[in-house]
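What Swiss-Prot says about this one:
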SIGNAL    1-22  signal peptide
CARBOHYD  ASN31  N-linked glycosylation site
CARBOHYD  ASN38  N-linked glycosylation site
DISULFID  CYS78-CYS89  disulfide bond
CARBOHYD  ASN88  N-linked glycosylation site
DISULFID  CYS128-CYS136  disulfide bond
DISULFID  CYS138-CYS155  disulfide bond
DISULFID  CYS208-CYS222  disulfide bond
DISULFID  CYS210-CYS217  disulfide bond
LIPID     SER214  O-palmitoleoyl serine
MOD_RES   TYR274  sulfotyrosine
MOD_RES   TYR281  sulfotyrosine
DISULFID  CYS282-CYS313  disulfide bond
DISULFID  CYS298-CYS308  disulfide bond
CARBOHYD  ASN299  N-linked glycosylation site
DISULFID  CYS312-CYS352  disulfide bond
DISULFID  CYS328-CYS343  disulfide bond
DISULFID  CYS330-CYS340  disulfide bond
DISULFID  CYS335-CYS336  disulfide bond
Amino acid sequence: MAPTRHWVTPLLLLCCSGICGAIQWLGLTVNGSRVAWNESEHCRLLDGLVPDQSQLCKRNLELMQSVVNAAKQTKLTCQMTLSDMRWNCSSVENAPSFTPDLSKGTRESAFVYALASATLSHTIARACASGELPTCSCGATPAEVPGTGFRWGGCGDNLHYGLNMGSAFVDAPMKSSKSAGTQATKIMNLHNNAVGRQVLMDSLETKCKCHGVSGSCSVKTCWKGLQDLPHIANELKSKYLGATKVIHRQTGTRRQLVPRELDIRPVRESELVYLVSSPDYCTKNPKLGSYGTQDRLCNKTSVGSDSCNLMCCGRGYNAYTETIVERCQCKYHWCCYVMCKKCERTVERYVCK
């Protein structure tokens, strides 16, 4: 497998300063986990926060552990969701510095911005419901009349609070008059942040718990809860694959983003947008932020993006065998444990040349 941590040159990192400043907070995973977040001085000293976010940090110290958790989840979820793609989000580990794949207004940066925005609001909403934050609690009881056989109760995710605090944090750099970066890039990033939050809102669903004799479920207590991050990330992956390339154009009295190929219509609020086309990520090219796919695992029988033909860009692949140990022949013993044997199995793996 290609490593997920890479050395990058200072020149490449400098190009990020204004454009991807709004996702530098993903770098809080490096040292933010070791901070107690009980002193406002921490907000200024740690890498990853631009000035406007530092001010929000000082006013909302109790939220910062959730921000750190969201940064971890964004990195993990991004890499898991795109593990079958040539661009597999490995460069996000360089945060708070980034290579051009995340600093040039690309399709990939659109996905990461949207995912980070959704993840932060999701994390805060869940933290409210679990009692981790002193400034919020369960979500409000739904206004809609409950259906037959259930009643509103439990503790729903506080989506309203999560959206308010999350958007204030991730949008702050683009809304600041002092921030660097082009106006087109700021509009793009704000748009993609909003798309991420909309997918999060669309994931809100009714969840229920049964009550009754012997699990008869004669009565159900229900609440509104968010779906898990993998579901939200997969929705955003679909939008990533169908993202629209845009240009910054004068329309009427103001400039706005319009589709490059279909500039007769405005950008839809539901679609991810990008300004700069990406390379194919087949070969290593640090100047483009491409790590290449050499030594990446591929699937010989797949016809999707993880197939050896697509992943290896026609270069071919090498095969090797690997022995794995797994649990097998498991038996349940009364009461109350399961005993399993350990079995060895030989599997064939394929890596790109």
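Placed from the backbone N, Cα and C atoms, the Cβ positions cover glycine too.
On a predicted model such as this, the values are computed, not experimentally measured, just so you know.
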Candidates CYS78, CYS328: member of the disulfide-bonded residues with the richest Cβ shell (10 Å): CYS78
Euclidean distance between Cα atoms of CYS210 (disulfide bond) and CYS89 (disulfide bond), Å: 40
Which of CYS210, CYS282, CYS336, all disulfide-bonded residues, has a Cβ with the fewest other Cβ atoms inside 10 Å: CYS336
Fewest other Cβ within 10 angstroms of its own Cβ, chosen from the modified residues TYR274, TYR281: TYR281
The one of CYS217, CYS308 whose CB sees the fewest other CB atoms within 10 Å, among these disulfide-bonded residues: CYS217
Sparsest-packed among the glycosylation sites, when each Cβ's other Cβ atoms within 10 Å are tallied, from ASN31, ASN38, ASN88, ASN299: ASN38
CYS128 (disulfide bond) CB neighbourhood, other CB atoms within 10 A: 25
Among CYS155, TYR274, ASN299, CYS308, CYS336, which are recorded as recorded positions, the nearest neighbour of CYS136 (disulfide bond) by Cα: CYS155
Cα-Cα distance linking CYS208 (disulfide bond) and CYS313 (disulfide bond), given in Å to the nearest integer: 47
